[in-house]
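Per Swiss-Prot, the features are:
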- Glu91, Asp112, Leu114: Mg(2+) 1 binding site (BINDING)
- Asp112, Asp115, Glu260: Mg(2+) 2 binding site (BINDING)
- Asp115, Gly116, Ser117, Ser118, Tyr223, Lys254: substrate binding site (BINDING)
Amino acid sequence: MPFSEPGKTKFQVDLRRHLRNQGICDNLVHLICEIAEASKYVINAVRTGDLGVAGTSNLYGEEQLALDVLSDRIIKKRLIHSGVVCNIASEEMDEIFQAQADADGLYSVAYDPLDGSSLVDVNLAVGTIVSIYEGCNLLQKGRNQVAALYILYGPRVSMVYSVGRGVHEFTMNHLMEFTLSRENIVMQEEGNIYAPGGLRNKYQEGTEQFVRYLEEKGAKLRYSGGFVPDINQVIMKGKGIFMYPALNGSPNGKLRLLFELNAMAYLVENAGGAATDGKQPILDLEPHSLDQRAPVYIGCKADVVKAMEFVSRN
């Protein structure tokens, strides 16, 4: 069924209805709706929860915040409750959790429960990032995702998802229900915004030259320190590039392939953009471990191609 242009919708389209109109199976509809349901509890935790440390460390040796642990517990519980998930992997878990042994008709989910959680105590936006695959294998290319989404906890709570048929934004209303706000989001070929992560004095020469190129052409620096709000800005404005490059001393950058990069690359590509590690598309990278990291340049196609040109020279 056709939908009105943003701002002209005469009736509200809820998430479940929109998912069913995508022509996907009922189990996938159910799973995405369960994740959306979990976000209601996560946003309550963000608004009212403990901002202290949990006294534990994650797989990467990073000290976990209480909100990280609570958000992870909330989402994991909803995934198990869904009854359609076999394997679960989270940035906060040390290993893959098996929810069910039978893979028939089931999915596996990799997620970052609260990306940017260290920003909560200064009241900046944070988010949840989710990748969904068919079957029980989580160590596969991002190209094989059947769905990806993120939920942004900002002044508004929004959810952006794709099942390979366009990218769509939903906004949580006063009843804590997600209703359609933008459909079939398409990015421009080139942008004028850039969000550069990492310490610039550790940039390798190719990335440094690319940043100078952006500065010289008048691009605006817009970086919050949160991956979800920064990618949301690029997608919603339809222009620009986010980067967290290889650094001197950290050749693989910082961001995790399974828990952060694959989902965002899937969404950006479905919106007409591109994502690369500087050599090949993020979605074509073969994961070998849960903690694998990769550099990333993600956003408008022309900007990403230009970044690759600079990086490949050095």
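Any Cβ shown, glycine's included, is placed from N, Cα and C.
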Environment of Glu91, Asp112, Leu114, the listed Mg(2+) 1 site - residues of the same chain whose CB lies within 8 A of the CB centroid: Asp68, Ser71, Asp72, Ser90, Glu92, Tyr111, Pro113, Asp115, Ser117, Thr128, Ile129, Phe259, Glu260
Residue, out of the binding-site residues Ser117, Ser118, whose Cβ gathers the largest set of other Cβ atoms within 10 Å: Ser117
Pairwise Cα distance for Asp115 (Mg(2+) 2 binding site)/Glu91 (Mg(2+) 1 binding site) [Å, integer]: 9
Long-range Cβ environment of Leu114 (Mg(2+) 1 binding site), under 8 Å and at least 6 residues apart: Val42, Val46, Leu67, Asp68, Ser71, Asp72, Val120, Val126, Gly127, Thr128
Residue pair Lys254 (substrate binding site), Glu260 (Mg(2+) 2 binding site) - Cα distance, angstrom, rounded: 10
Residues flanking the Mg(2+) 2 site, with Cβ no more than 8 Å from the Cβ centroid of Asp112, Asp115, Glu260 and excluding those residues themselves: Glu91, Tyr111, Gly116, Gly127, Thr128, Ile129, Phe227, Val228, Leu255, Arg256, Phe259
Pairwise CA distance, Glu91 (Mg(2+) 1 binding site) versus Glu260 (Mg(2+) 2 binding site), rounded so that it is a whole Å: 9
Where Ser117 (substrate binding site) sits in the secondary structure, as DSSP reduces it to three classes: helix
Between Tyr223 (substrate binding site) and Glu260 (Mg(2+) 2 binding site), the C-alpha gap once rounded to whole angstrom: 17
Where Tyr223 (substrate binding site) sits in the secondary structure, as DSSP reduces it to three classes: coil
Neighbour tally for Asp115 (Mg(2+) 2 binding site), based on other Cβ positions within 10 Å of its Cβ: 27
Distance from Asp112 (Mg(2+) 1 binding site) back to Glu260 (Mg(2+) 2 binding site), taken between C-alpha atoms, in Å: 7
Least Cβ-crowded entry, counting other Cβ within 10 Å, from the binding-site residues listed as Glu91, Gly116, Tyr223, Lys254, Glu260: Tyr223
Rounded Cα-Cα span from Asp112 (Mg(2+) 1 binding site) to Ser118 (substrate binding site), Å: 13
